[in-house]
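The annotation transmembrane segment is assigned in Swiss-Prot to 19-39 on the grounds of sequence analysis. Look at Swiss-Prot and you will find N178, N186, N191, N309, N416 tagged as N-linked glycosylation site. Residues or ranges marked as heme binding site by Swiss-Prot on the basis of similarity to another entry: C460.
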Amino acid sequence: MSFTFLDWPRAEIFSSVSYLGLLLSGTVLYTVYKLIIAIYNYFFHPLRKIPGPPLASISWVPWYKYWFSGYMHRHVTRLHETYGPVVRIGPSEISFISATAWKDIYGLKRCRQIERDPQSFPSLTPNGARFDVLTYSPIDHAKYRKILNPCFSEKATREYERTIHENVDKLVAKLEQNISRGQKKNGSRENVTNWFQWLTFDMVTDVCWGRSFECVANEKSHVCLALSMDLVSYSSFIVFVAWWKGLKDFLVKLSGVEGLFVHLVRSKCEEHHLIAAGNELTGEKGKASIYSNLRAAGDPLDLAELDGNLTAIVIAGSETTGFALTATSYYLAKNPACFRRAASEVRSAFASAEEINDDALRKLPYLKAAIEEALRMTPAEPNGLARKVVVDGGLDIAGEWIPKGTAIYVSQFAANRSSAYFHLPNEYHPERWLGEECPKEFRTDKLDAVQPFIMGVNVCIGRGLAWMEMRVTLAKLLWHFDWTVKGGDGEAFEQAKAWHVWTKSHVNLQLHRRGALYGDL
């Protein structure tokens, strides 16, 4: 059978329209389309009255540029200094910095009207599902919180204190060895970024399973720690293609990074089973752990949920606390007067390091203030945790009407460094947190704009444990050591890049035995 009759229209069409003409026509149509969208976004979009740079209101190019650079947090800070407490930083994305915005976006009353934005913090499972407390579903989130809450209660956290002390004591012993090897006059130059990352990873895995990965003992990152850093980094990259689900799923599947991490988590669970079985045979009582508490829960998690939640706890519990310890130790080193006051408070409270305990540490106001000020200066999540308005008709957020589908958040770095909210916002002054003892010049600071653990239904479930880890670690280090920082050793930290979390810029401190720098305090 002949199909020559199919050839004549094609020949006629392509004889009158060239390929180049088709390409030019397509380009013109696409340009006109994008121009129409830009005009709409600038002149007619419901967010048109929100202040911000004109280009950001019509295009996502500036957003991607600064996100890719790693300096989005500093860019947004400059925008808020220019435009005020509410800024449009993308066609459908709004950044806030006020305390009112914290309550309106993250508060309990809005938990079904404002949900996590999956494009801003995409899942690293190939099908986009989440089986952990970071889930996008408010119903699943409530379920996981209910099961996990007993693991992080005041009673449970107190049971973990022994584990915290054991791990911190290992770090102190390592640092003392290093000082002994070096020249007493110069002390020992220590990369505290690595030490604190190893320590917090050891602590969180020990708290999770009753046994750590021994990063401090081996003085190197366990493969599981390296994978957790890869997971965080990869999630920051995936933001670029989160809107294209097919490509995102392909890249996630191609990397396989979460699967490797979950495999290690599961092997740790199996190891815990073997240890628990041995303890049952010998009658020995095992250490308190999150995993043992989860196994004993009345509504136990299935395997995928167990893997997902333990993965989330390990990554969040080590990454953020390790950085907070690095920041606090660095700022104390950079401000000798602050170091002397913090060290004096700790050393006056305890006759020996063995007496240090968390109940007593809670009563030390300056130690707490030193940590709080470091969390203000360098919040663990500098760019904000995005939420999306999902209710029809929109919502009023901090006095601005925000339509459905808009991504909204409080930019923590911008809020914490705002000159409208803080006196000397870029300087480290723990005394601003001392309540009645706060100096006059800091009494108008808007301290409620600082929420390092978020608030409302999504408040960090492990904040009590994190505070214990930070108090015990810093107190023992302040009791044992003096430290300072040399001129160039803090530059990388001061200019660190950040995506979902900060890059690991090395902070090198000069560590000395107690009294070597500042005498008896």
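Along the chain as shown, residues are numbered 1 onward.
Using the three backbone atoms N, Cα and C, a Cβ is placed for every residue, glycine included.
Features per Swiss-Prot, on structure.
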residue : record                      : Cβ neighbours (10 Å)
N178    : N-linked glycosylation site : 16
N186    : N-linked glycosylation site : 11
N191    : N-linked glycosylation site : 14
N309    : N-linked glycosylation site : 24
N416    : N-linked glycosylation site : 26
C460    : heme binding site           : 20
I'd like to confirm something. Which of the recorded positions, N178, N186, N416, C460, has a Cα closest to the Cα of N309 (N-linked glycosylation site)?
C460
Distance between N191 (N-linked glycosylation site) and N416 (N-linked glycosylation site) at the Cα atoms, whole Å?
27
Cα of C460 (heme binding site) to Cα of N186 (N-linked glycosylation site): how many Å, rounded?
40
Cα of N416 (N-linked glycosylation site) to Cα of N178 (N-linked glycosylation site): how many Å, rounded?
36
Return only the integer: C-alpha distance in Å from N186 (N-linked glycosylation site) to N178 (N-linked glycosylation site).
12
